[in-house]
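K.L.:
A single structure is presented below for examination.
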Amino acid sequence: MKYQSQKVAYAYFLAAMALFGIQVLGGLLLGWIYVSPNTLSEVLPFNIVRMIHTNALIVWLLLGFFGAAYYLVPEESEREIFSVKLAYIQLAILVVGTLGAVGSYLVGIHGGREFLEQPLWVKFGILVAAVIFLVNVSLTFLAGRKTAITNILMMGLWLLCLLWIFAFINPDNLSLDKMYWWMVVHLWVEATWELVMAAILGFLMLKLTGVDREVIEKWLYIIVATALFSGILGTGHHFYWIGTPGYWQWIGSIFSTFEVVPFFAMMSFAFVMVWKGRKNHPNKAALLWSLGSSTVAFFGAGVWGFLHTLHGVNFYTHGTQITAAHGHLAFYGAYVALNLAMFTYAMPILRGRDPYNQVLNMASFWLMTGGMAFMTFTLTFAGTIQTHMQRIVGDYFMDVQDQLGLFYLMRFGSGIAVVLGALLFIYSMLVVRREVVKPGPVAVPGE
Ligand code: HEM
Ligand code: HEM
Ligand SMILES: [Fe+2]
């Protein structure tokens, strides 16, 4: 750790990992309710657990991004964070807001818009936290050295915080309501978060492979340009059936098809950097997560996204288990695995345990990634059958669901693997002792 203030990242990562645990356990309960629908139906209904699952996901990913920014901005800008105190205040607001949201969900108070169910006061809290964050990192950024990595990170973070304003606009007209809703949900994961992903991936590649900064910068600009070019109008793939004019079917189909490009570029980027890299960095686990993230993101977002993005296909698959298959693999590859890559890289340094025992961490990668891949396959099969029976043959929704039980059981099984992988990951980060240093070539710690 080069700068003292980088230490705030540690608190963010801890909070993120705690919520990650809650998120996947919530997922497991949801998966079980699909197998045995009356489970806890009075105390903890499916819709409430679903809110906790999806909200915890979003909040912990954001906490991870904020922590990553607090870790890498000082190092790139070559100065301490503007205010460490503000960073902790921001974290406290977010933790209180999260507990408040979960508490209100448990007693049945929520806004009902998927992902944006938080009560209004929590939304304001998030806004205040976002403003504090932007002030804090922007002042650090402006006073220090500017690099392509921090330029792109700042752009992504500013835009994603600004998009939060659409979470407050909820018109009575259902079509408009949906339009604004997608401006948050889609323009986050398919535009602004991609910039954050590119910046963090660029930082990890810089540290782990030792490739020249100039090479990394060129790739980053290509990724950002293609992400924004395709992702903004790509929002149209959610405007097919919400009551917007028909031309959105073509705009959405064409531009969202191009969305595959930045994900392909990020995967190529990671592999080319490792190929060209001269450095033999000791943290192999962080490299595994980085390569894994960009690869699974390409499949989850790129391939599984393209699968149902053309309006002629989406007409049949809209809102089926195909969507859930894509949503899981895309979120996991692009944002979960990327955050875990950053934790794997930074935690040993923040805890002064570098180098550390990486075997358990790598095992958790394979367990979690294998589990998510299997879950995606089971949901894709379930979704294919569902699309055929429900949308082509015209069978009733619940009759079709009765036919899908085997897939839901297998999805639950894969969920157990994911949960075990997540717990193993947290254990490997927090509990495993420092490796006994063997004599031999000495690696430079903290690089
Ligand atoms: C990391 C990036 C991505 C993430 C995290 C992601 C996540 C999701 C999620 C969670 C949903 C379900 C939303 C809901 O209805 O509640 C969804 C829907 C959808 N996604 Fe993605 N996605 C990503 C990238 C992409 C890309 C690149 C494409 C196209 C090439 C795509 C195409 C679609 C389509 C067409 C839908 C609507 C499905 C429907 O009609 O039910 N996604 N995405
Ligand atoms: C890190 C891993 C995970 C991520 C990123 C994730 C992400 C998501 C997302 C984005 C949704 C909303 C999907 C949509 O609208 O289409 C969702 C819903 C759901 N997730 Fe997960 N999840 C994860 C782990 C799990 C696990 C381990 C299980 C357990 C089997 C699970 C079971 C479910 C279920 C049953 C739903 C509700 C689907 C529905 O409404 O039909 N998830 N998850
Ligand atoms: Fe989208």
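A Cβ is built for glycine as well, from the same backbone N, Cα and C atoms used for every other residue.
Curation plays no part in TrEMBL annotations; they are all automatic predictions.
As annotated in TrEMBL:
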type	residues	note
TRANSMEM	12-35	transmembrane segment
TRANSMEM	55-74	transmembrane segment
TRANSMEM	86-108	transmembrane segment
TRANSMEM	120-142	transmembrane segment
TRANSMEM	149-169	transmembrane segment
TRANSMEM	181-206	transmembrane segment
TRANSMEM	218-241	transmembrane segment
DOMAIN	220-447	domain 'Cytochrome oxidase subunit I profile'
TRANSMEM	247-274	transmembrane segment
TRANSMEM	286-307	transmembrane segment
TRANSMEM	327-347	transmembrane segment
TRANSMEM	359-385	transmembrane segment
TRANSMEM	405-430	transmembrane segment
K.L.:
Report the listed stretch (120-142, 149-169, 181-206, 218-241, 359-385) having the maximum count of Cβ pairs within less than 8 Å of the transmembrane segment (405-430).
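P.N.:
Top-ranked stretch among 120-142, 149-169, 181-206, 218-241, 359-385: 359-385.
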K.L.:
Taking 12-35, 86-108, 120-142, 149-169, 247-274 as candidates, which has the most Cβ pairs under 8 Å with the transmembrane segment (327-347)?
P.N.:
12-35
K.L.:
Can you work out which residues elsewhere in the same chain, 6+ from the ends of the transmembrane segment (55-74), have a Cβ less than 8 Å from its Cβ atoms?
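P.N.:
Distal contacts: 2-3, 5-6, 8-13, 15-17, 19-20, 22-23, 26, 80-81, 87, 90-91, 94, 98, 101-102, 105, 115, 117-118, 133, 137, 140-141, 149-150, 153, 157, 193, 196, 200, 203, 331, 335-336, 339, 342-343, 346, 350.
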K.L.:
So what pLDDT does the domain 'Cytochrome oxidase subunit I profile' (220-447) average out to?
P.N.:
94
K.L.:
Please tell me whether the transmembrane segment (286-307) and the transmembrane segment (181-206) touch - that is, whether there are at least 3 C-beta pairs under 8 Å between them, with each pair 6 or more apart in sequence.
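P.N.:
In contact, yes.
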K.L.:
Between the stretches 12-35, 86-108, 149-169, 247-274, 359-385, which one has more Cβ pairs under 8 Å with the transmembrane segment (181-206) than any other?
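P.N.:
The stretch with the most contacts is 149-169.
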K.L.:
Grab the same-chain neighbours of the transmembrane segment (86-108) for me: Cβ-Cβ under 8 Å, and only residues 6 or more beyond its ends, written as numbers and ranges.
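P.N.:
For the transmembrane segment (86-108), the nonlocal Cβ contacts are 5, 8, 11-12, 15, 19, 44, 48, 51-52, 55-56, 59, 62-63, 66, 70, 117-119, 121-122, 125-126, 128-129, 132-133, 135-136.
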